[in-house]
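Trainee: Pasting the feature list from Swiss-Prot:
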type	residues	note
BINDING	GLY29, ILE30, SER31, GLY32, GLY33, ILE34, ASP35, SER36, LYS159, SER181	ATP binding site
BINDING	ASP35, GLU135	Mg(2+) binding site
BINDING	ARG110, LYS143, ASP150, HIS226, LYS227	deamido-NAD(+) binding site
Amino acid sequence: MNYAKLCEDLTKWIKEEVESANLKGAVFGISGGIDSAVLACLCKKAFGDNALGLIMPIKSNPKDEEDARILAKSIGLRFTKVDLNESYDALIGTFEKNSVEMAASNIKPRLRMITLYYYAQNNGYMVLSGSNRSEFMTGYFTKYGDSGADLMPLLNLYKTDIFEMAKVLGVPDVIINKKPSAGLWEGQTDEDEFGFTYEELDDYLMNNSNTKSKDLIDKKIKQSEHKRKFAKSFEFDRRNY
């Protein structure tokens, strides 16, 4: 693929979509990871100073914030840090003590989504998500969290595409070379949770290749099907009532 042309076309598309909504820029999270880094680069090209990145730590690895700052400095991105630790602690404190770890972890991206929309409305911006196709198809996202956005520019691009785009866009090596992680807890990595690599996953999704992880991938796709659909509603014919 010609990733340089893809980045140009995607930048143009983002700008057109935001302007068609009569908005002037974009706000998005910068986590120190590669997806948000690629999104930040595209938005910076599209909007200049009207691209705003938010660093939103919640029990996060300090190295991730450091990497997010390195990215912002390298591309001249305007950014703000919003520390959500106290908000998270206050919310968790109102719940039962023996909560499921994942239920508590999923609060983090939902708090970030709320924060992004606050800044979007205050600035006349659109909320953009860095979710990619690999994560979307396996359900590796939080409903109404990192999937809560107005625009998902990377949703039809696989994780392996994101890595190639990062090289074209000049994302710092410290981000390109780190293991992808949702940062849900210390030491957590995407591929450890999956049980397979992004290369395996993307090859299977794109080419239906024969991989030893086929059954596991199919299971994740099936189990997460509900996450890719709008909430169902009761359908009825008024003439029957």
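Residue numbers in this text run from 1 along the chain shown.
Backbone N, Cα and C define each Cβ position, glycine as well.
Help me understand the surroundings of these features in the structure.
Mentor: For SER31 (ATP binding site), the count of additional Cβ atoms within 10 Å of its Cβ stands at 29 [all protein chains shown].
Cβ neighbour count for GLU135 (Mg(2+) binding site) (all protein chains, 10 Å cutoff from its Cβ): 25.
Within the same chain, residues at least six positions away from ARG110 (deamido-NAD(+) binding site) with a Cβ under 8 Å of its Cβ are THR142, TYR144, GLY145, GLY148. According to its DSSP assignment, ARG110 (deamido-NAD(+) binding site) is helical.
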Trainee: Sequence gap of 6 or more, C-beta under 8 Å: which same-chain residues meet both conditions with respect to ASP35 (ATP binding site)?
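Mentor: Result: GLY130, SER131, ASN132, LEU154, ILE162, PRO180.
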Trainee: For GLY29 (ATP binding site) and ASP150 (deamido-NAD(+) binding site), what Cα-Cα distance in Å is obtained after rounding to a whole number?
Mentor: 13
Trainee: Since the record lists GLY29, GLY33 as binding-site residues, which of them has the fewest other Cβ atoms within 10 Å of its Cβ?
Mentor: GLY33
Trainee: Could you check which of the binding-site residues (SER31, GLY33, GLU135, LYS159) sits closest to LYS227 (deamido-NAD(+) binding site), going Cα to Cα?
Mentor: GLU135
Trainee: Nearest to LYS159 (ATP binding site) in three-dimensional space, by Cα, is which of the binding-site residues GLU135, LYS143, ASP150, HIS226?
Mentor: GLU135
Trainee: CB neighbours of LYS159 (ATP binding site) within 10 A?
Mentor: 23
